[in-house]
Amino acid sequence: MEMIRIFLIYLILKIIIINGENNEYSKGYGVGIVFPGSKCLNYVGDSIGQPLCNNRLFNGGKKIYSTVTLVDNKNISSQELSKIEILKSFEALTFLQDQCDDLLFTQFGLCDLNFSPCVETIPKITPLQNVSLPQRLCKSVCERMVSNCPRLSLKIDCSISFLFPEIGTEYNLTLYGYTENKGLYKVPCIDPTDGYNNISNQMELIQACPYPLLLKNSSDPKYSPNKGYTYLPPTNCVLTCPMPNYTKTQWKRVYDMAKTLSSISFICACYNILTFGILNRKRKSKYNICITLMSTSIALVYLTDIIKFGYGIEEFLCPEPGRSAVQNDAACGITGAMFHFGITYCCCWAMTMSIVLFCSVKRIKLFYFRHFMIGNTIFTIITTVILLSAKKMVAGTGYIECWVRERWFVITLFWLPCGIGLSIGIFCIGGVIHEIYNISKKVNIRESEFILRQIKPFSLVFSVAGSFLYLFIFFFDVERKIDSYKAAVADYVLCLLSGGSEETCFTTGPNYASFFIFYFFIRVFGVLFFSIYGTSRVARDIWSEVVFDEVRSRLSQSESGISRNNSRTDISFGKNNNSKNSNNSKNSNNSKNSNNSDNDSKSIELEKK
């Protein structure tokens, strides 16, 4: 729209020059155009929350040349359009602070260029009203602006006398009844230098940030970088949160993957803890202890994801617009400590399992297993405490969890020791592979069977080591390219300044597929542990024993109940028999006594006879 407007102005100027050949324009004056309906109005004022030209206008904003323009079938004031243009100009100047001098003067000049002071013809040359005419910026002012900031020459051409006359502008008002000076009405150009010199020491450069960047005061402790704000030097503009490396759809895919896979892995890890740590009473081995502790540590990692998604992932990572979470945010500090403890403890036990496996295969007598437990726990606690004490737990930009982001801390307290541990694990795995190869020659069937039993723990350690190796490579690849990523932010800003939006402009970051796989590997360990150990024969036997013991216990209780019932029945039956026997005995005795009595009576009777 602005280009069309400039073209029309150029066309009108050509017509005026051709038609006005008989008029003699003064040297040093530009040719002006009179727009019917133009008015001298007060400055409409700055937008709320965004200072622009208040206190920077030549005449204090009392009279500004104003017209009405038709845009999308709506009449819009030229002042409103100028506010849009001046905001874009200020946004560009904000990012030129380290390349230009005296930008404050440039802002004064741009304000007068876009909000031209307005003069009215005196006396009235029309019956009803004065003719309103703009005062243009002097050429010397334009040249000073371009001299201080050569980049402005790409947008401003000081040789255009229509905009930047040396002395003033002449307007042909013959159509309006003006006859003096052959109908040419002279309006002097303006030079804000004197006004600028009087108040410049009381003014500051106005900074403006293109959307979606946000403007913050970096000198205010509330908005300092250690609070989670990422500033774009030399400005006070901060990047959005999360980092605009990817589209909103791509970020959503990462969030959905993490949410789904973390939930599944957490359940799988809890299953392993329940199986090998709680229900297992008869198979207390070093392997099972390693499985339990690895599952516990990795469950802690996935618990942080459950907390995040319950809290709201975007609210968790970005508590405020433009600010990423830091350790002072309670949720970030707690989950960061849990994440570091869990991931470090898992690495320690992966190394421990590989050592135990190697020693078992090589028949090497291992020192007390509890030494591993003490060492792994102390190391993990110490590194976690150091990071918390240094307040290094942050969400950062372009990540989906709170953890340590400072290069030397994360290398010293995580990647270096864990890299050494994984190297030991890989060495032990190599020894196991070599031993399996030797045993596979059928030297001893019994020993071969023993070695083959170690395939699952070997697979687990190999998978964990391989996954961590990818994470290791990805991390250092990102660190290697971090400077190029930072340099590419300039292209992102240029895209925004050129009229781009958050849907079309992006910063440069790690390849999206690699980024997605990085977080996939971190969240797949729980499923991996379950697929190797949770479905093993040992796990099935543990559950079978638990179920069998429960069934046997219930059967035993049932049999005991039946036995007690039978005992009661037998006692009752015995009592009845005794009663019957007693009665029979009594009846027999009575019968005998009766018979004896009869016999006795008979004998008596016989004796009597």
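Note: Cβ is positioned from N, Cα and C throughout, glycine not excepted.
The compositional bias 'Low complexity' feature in Swiss-Prot is assigned to 575-598.
Under the heading compositional bias 'Basic and acidic residues', Swiss-Prot lists 599-609.
Residues or ranges marked as disulfide bond in Swiss-Prot (evidence: similarity to another entry): CYS40-CYS118 (among others). CYS118 (disulfide bond) is surrounded by 21 other CB atoms, counting those within 10 A of its CB over all protein chains shown. In three-state terms derived from DSSP, CYS118 (disulfide bond) belongs to an extended strand segment.
DSSP assigns CYS53 (disulfide bond) to coil in the three-state reduction, placing it in neither a helix nor a strand. Counting only same-chain residues at least 6 apart in sequence, those with a Cβ under 8 Å from the Cβ of CYS53 (disulfide bond) are TYR43, ASP46, GLY61, ILE86, CYS111, ASN114, PHE115. Annotation comment: Swiss-Prot describes CYS53-CYS111 (among others) as disulfide bond.
Residues or ranges marked as disulfide bond by Swiss-Prot: CYS100-CYS149 (among others). Reduced to three states, the DSSP call for CYS149 (disulfide bond) is coil. CYS149 (disulfide bond) has a Cβ environment of 21 other Cβ atoms inside 10 Å.
DSSP assigns CYS138 (disulfide bond) to coil, not to a helix or a strand. Counting only residues at least six positions away in the same chain, the Cβ atoms of PHE164, PRO165, GLU166, ILE167, CYS189, ILE190, ASP191 sit under 8 Å from the Cβ of CYS138 (disulfide bond). Per Swiss-Prot, disulfide bond is recorded for CYS138-CYS189 (among others).
For 35-192, the entry in Swiss-Prot reads domain 'FZ'.
Per Swiss-Prot, the feature region 'Disordered' maps to 559-609.
Taken from Swiss-Prot, the feature signal peptide applies to 1-20, supported by sequence analysis.
According to Swiss-Prot, the feature topological domain 'Extracellular' maps to 21-259 (among others). The average pLDDT for the topological domain 'Extracellular' (21-259) in the predicted structure is 89.
Through the fold, the topological domain 'Cytoplasmic' (281-288) approaches residues 353, 356-357, 366, 369, 457, 538, 541-542, 545 of its own chain, all at least 6 residues removed from its boundaries and within a Cβ separation under 8 Å. Annotation source Swiss-Prot lists topological domain 'Cytoplasmic' at 281-288 (among others), citing sequence analysis.
According to Swiss-Prot, the feature topological domain 'Extracellular' maps to 310-337 (among others). Tertiary proximity for the topological domain 'Extracellular' (310-337) is limited to same-chain residues at least six positions away from its ends with a CB under 8 Å from its CB atoms, namely 214, 216, 226-230, 238-242, 255, 259, 304, 384, 387-388, 391-397, 399-404.
The feature topological domain 'Cytoplasmic' is assigned by Swiss-Prot to 359-365 (among others), with sequence analysis given as support.
Sequence-distant contacts of the topological domain 'Extracellular' (387-408), counting only residues of its own chain at least 6 positions beyond either end whose CB sits under 8 Å from a CB of the stretch, comprise 228, 230, 239, 241-243, 245, 254-255, 258, 304-305, 308, 313, 316-318, 324-328, 331-333, 335-337, 339-340, 414, 479, 509-510, 519. Annotation source Swiss-Prot lists topological domain 'Extracellular' at 387-408 (among others), citing sequence analysis.
The topological domain 'Cytoplasmic' annotation in Swiss-Prot covers 430-457 (among others).
Residues or ranges marked as topological domain 'Extracellular' by Swiss-Prot on the basis of sequence analysis: 479-511 (among others). Non-local neighbours of the topological domain 'Extracellular' (479-511) in the same chain are 88, 91-92, 95, 210-213, 232, 239-240, 243-247, 398, 407, 518; each lies 6+ residues outside the stretch with a CB under 8 Å from one of its CB atoms.
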In whole Å, how far does the CA atom of CYS118 (disulfide bond) lie from that of CYS149 (disulfide bond)?
28
Cβ atoms near CYS111 (disulfide bond) (within 10 Å, other residues, all chains):
26
Give me the non-local Cβ neighbours of CYS100 (disulfide bond): same chain, 6+ apart in sequence, Cβ-Cβ under 8 Å, ordered along the sequence.
LEU93, THR106, ASN148, CYS149, PRO150, ARG151, LEU152
Assigned element (helix, strand, coil) containing CYS100 (disulfide bond), judged by DSSP:
coil
Flag the pair the transmembrane segment (458-478) / the transmembrane segment (338-358) as in contact if three or more Cβ pairs fall under 8 Å (sequence separation 6 or more).
yes
When DSSP is mapped onto helix/strand/coil, what comes out for CYS40 (disulfide bond)?
strand
Let me spell it out: take the transmembrane segment (289-309), skip the flanking residues so only those 6+ beyond its ends count, and list any with a Cβ under 8 Å from a Cβ in it.
255, 258-259, 262-263, 265-266, 269-270, 272-273, 276-277, 316-317, 331, 334-335, 338-339, 341-346, 349-350, 352-353, 356, 369, 373, 376, 400-402, 522-523, 525-526, 529, 533
